[in-house]
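> Feature annotation from Swiss-Prot assigns ATP binding site to Lys46, Gly53, Arg54, Gly55, Glu99, Ala102, Glu107; the stated evidence is sequence analysis. Taken from Swiss-Prot, the feature Mg(2+) binding site applies to Asn199, Asp213. Residues or ranges marked as substrate binding site by Swiss-Prot on the basis of sequence analysis: Asn264, Gly321, Ile322, Met323. The domain 'ATP-grasp' annotation in Swiss-Prot covers 9-244 and is backed by sequence analysis.
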Amino acid sequence: MKIHEYQGKEILRKFGVAVPRGKPAFSVDEAVKVAEELGGPVWVVKAQIHAGGRGKGGGVKVAKSIEQVREYANQILGMQLVTHQTGPEGQKVNRLMIEEGADIKQELYVSLVVDRISQKIVLMGSSEGGMDIEEVAEKHPELIHKVIVEPSTGLLDAQADDLAAKIGVPAASIPQARAILQGLYKAFWETDASLAEINPLNVSGDGKVTALDAKFNFDSNALFRHPEIVAYRDLDEEDPAEIEASKFDLAYISLDGNIGCLVNGAGLAMATMDTIKLFGGEPANFLDVGGGATTEKVTEAFKLMLKNPDLKAILVNIFGGIMRCDVIAEGVIAGSKAVNLNVPLVVRMKGTNEDLGKKMLADSGLPIISADSMEEAAQKVVAAAAGK
């Protein structure tokens, strides 16, 4: 789960991290009111969307008068903000953050992530703040410094000081940087975050260290114990299809292709999408019905996929272990009839009650294309999507 910058800064404040004064605004008049409350002479008007690259896309403006705050708020609020992370369709801006201006001398980068290779929490830092860290990692990997943090000890003073020095924090400001890094770690750890990022971490002309931006991602599996984080959820920033899928316990992610995929198990789902691409097709979605699929869940899965106007064909790929093939067959038949399926449907089933499931499909009278292997299924669905 993602949250907005202003929400991330609320979390940072709770853990003692220095951030500029600022508040969210949901209208132009509210933006002006917040600016007046903060006082001048400089304010930053920031679009709040769940994507990076807002500045380059025109979603961050520096205002030097209340009139400019109104002008920029009017420009940004309601705009379709396009960044390298939103795709060409962009994301509508429904809220702003109005913040006091900052004296920027150095822009640094710090973040905490879970490194899946070492299976450790890693603190990363770079002197190249204010930029895409992916770009820095690609062009100048030597400028990224890493520290492994052991949960049993937390981020030690020496570790924080060493990283701060390596990324260019002046010696006199290192105690401030240490407090910010340790606060960031505590926020990451105690909220079950999967990412906690400050970009940029600013060092001002007088040596003051502050977090000018805040980005958090949270482990959705841990949200049950963090109602205060769930309260930050903004459904306007999420894919409506993914929200609908979550109501039925379906793991669904929209993609850009035209071949719908209905699979049980995340690993098999990814392998299915890879095989479709291998034979020249493009998946329209990731959809894992899980091990406890019911007729209702399969029907809802069909409904979700058919809401995609680009959909040309559907591949159902099931391995019947916990999930019985006859139950899936029942769901496929009911789902196809319920939605008046009008695109080619390829079904491949293996495992528990496989023969029964195949017989049910064959006797259904529906124009289902059968396949025995994943490769055969992928080839058939790619051909069907192409109208062959």
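The chain as shown is numbered from 1 upward.
Every residue, even glycine, has its Cβ placed from backbone N, Cα and C.
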> What's the longest C-alpha separation between any two of Asn264, Gly321, Ile322, Met323, the listed substrate-binding residues, in angstrom?
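Between the most distant Cα atoms of the substrate site, 10 Å.
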> What's the number of neighbouring CB atoms sitting within 10 A of the CB on Gly55 (ATP binding site)?
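A 10 Å sphere around the Cβ of Gly55 (ATP binding site) contains 14 other Cβ atoms.
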> Among the binding-site residues listed here (Ala102, Ile322, Met323), identify the one with the smallest other-Cβ count within 10 Å.
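So among Ala102, Ile322, Met323, the binding-site residues given, the one with the fewest Cβ atoms within 10 Å is Ile322.
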> Show which residues of the chain containing Arg54 (ATP binding site), separated from it by at least 6 in sequence, have their CB under 8 Å from its CB.
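When sequence neighbours closer than 6 are ignored, Arg54 (ATP binding site) has Lys46, Ala47, Val60, Leu81, Thr83 within Cβ distance under 8 Å.
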> Measure from the CA atom of Gly53 (ATP binding site) to the CA atom of Asn264 (substrate binding site) and give the result in Å, rounded to a whole number.
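Gly53 (ATP binding site) has its Cα 35 Å from the Cα of Asn264 (substrate binding site).
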> Sort the binding-site residues Asn199, Asp213, Gly321, Ile322, Met323 by C-alpha distance from Glu99 (ATP binding site) and give me just the closest.
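Looking at Cα distances from Glu99 (ATP binding site), the smallest one goes to Asp213.
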> Out of Gly53, Gly321, which of the binding-site residues is least crowded by other Cβ atoms within 10 Å?
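Fewest other Cβ atoms within 10 Å, among the binding-site residues Gly53, Gly321, is found for Gly321.
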